[in-house]
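Database features, via TrEMBL:
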SIGNAL    1-20  signal peptide
DOMAIN    18-212  domain 'GH16'
ACT_SITE  Glu98  active site, nucleophile
ACT_SITE  Glu102  active site, proton donor
CARBOHYD  Asn106  N-linked glycosylation site
Amino acid sequence: MARMAVLGLAILLAASCALAAASFDKEFDITWGDGRGKILNNGQLLTLGLDKVSGSGFQSKHEYLFGKIDMQLKLVPGNSAGTVTAYYLSSQGPTHDEIDFEFLGNVTGEPYTLHTNVFTQGQGQREQQFRLWFDPTNDFHTYSILWNPKHIIFMVDDMPIRDFRNLEGKGIAFPKNQPMRLYSSLWNADDWATQGGRVKTDWSHAPFSASYRGFKADACVVTAAGRPHCGASVGTDVAPGTGAAGEWYNQELDLTRQQRMRWVQRNYMIYNYCTDPKRVAQGVPAECSM
């Protein structure tokens, strides 16, 4: 019994240390919103708010050059029409790279739209949109970006929904040289977000709120000297030259996970830039035919 009690205490201590390593106040800065963004529960919960005056947002203290990023989100409930909750990796400048999750709100009873996009060297327009197979406002769900030198894989509760492959050998740019920070924001976009902008934000339901917890980053963290150090959890120091990236660095989808992704795309994808007649009329993007 004593041995089991010691083992149980060790597990609890290990869990508490892991939680402390991913504390929001250690890993993120709330960058705008004039108090509408809050870090709560000893750094384990972050909330963003939106009212008629302003939204709010935060960014990571670290920059990453490849990694697996996990975040649990619970989205704005009820009538969220006109609101957008954005969660994305991005570098800076006119030729920036970017990997996007955006959650487009809707009227009560109608589903959210999950909008994904990839920018390379400042060029985006690679949108794919999905419905979710659950209500993302009832509980927290995990949204992940796996970014390595060969793939950008978007996942929802560990279910792959999109795989943007490195096809540089075919002349298609791929994000691999620009470190990116993690950003998130809650903002009003009722000129386009819901039903093409036809449904506007109902401010009688404000303030709107989205919640975050369970942040994890198994990633190559870029130091002040500009060198990426791989293999350490966020919030920990790595001695130069000692870091080694985890399995994610060479990870790709096996046949089973490819089949799961195809299932999601067949049943829940509602827009694909590769099959948009307006885009196709201008020429199919090269990666769509590969």
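From the backbone N, Cα and C atoms, a Cβ is placed for every residue, glycine too.
From a predicted model like this one, the values you see are computed outputs, not experimental measurements.
Positions of the features from TrEMBL, shown on the structure.
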residue : record                      : contacts (Cβ under 8 Å, 6+ apart)
Glu98   : active site, nucleophile    : Tyr88, Leu89, Ser90, Ser91, Asn117, Val118, Phe119, Gly124, Pro175, Met180
Glu102  : active site, proton donor   : Val84, Thr85, Ala86, Tyr87, Tyr88, Leu114, His115, Thr116, Asn117
Asn106  : N-linked glycosylation site : Ser80, Ala81, Tyr112, Thr113, Thr194, Gln195, Val199
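Mean pLDDT, taken over the domain 'GH16' (18-212), works out to 95 on the 0 to 100 scale.
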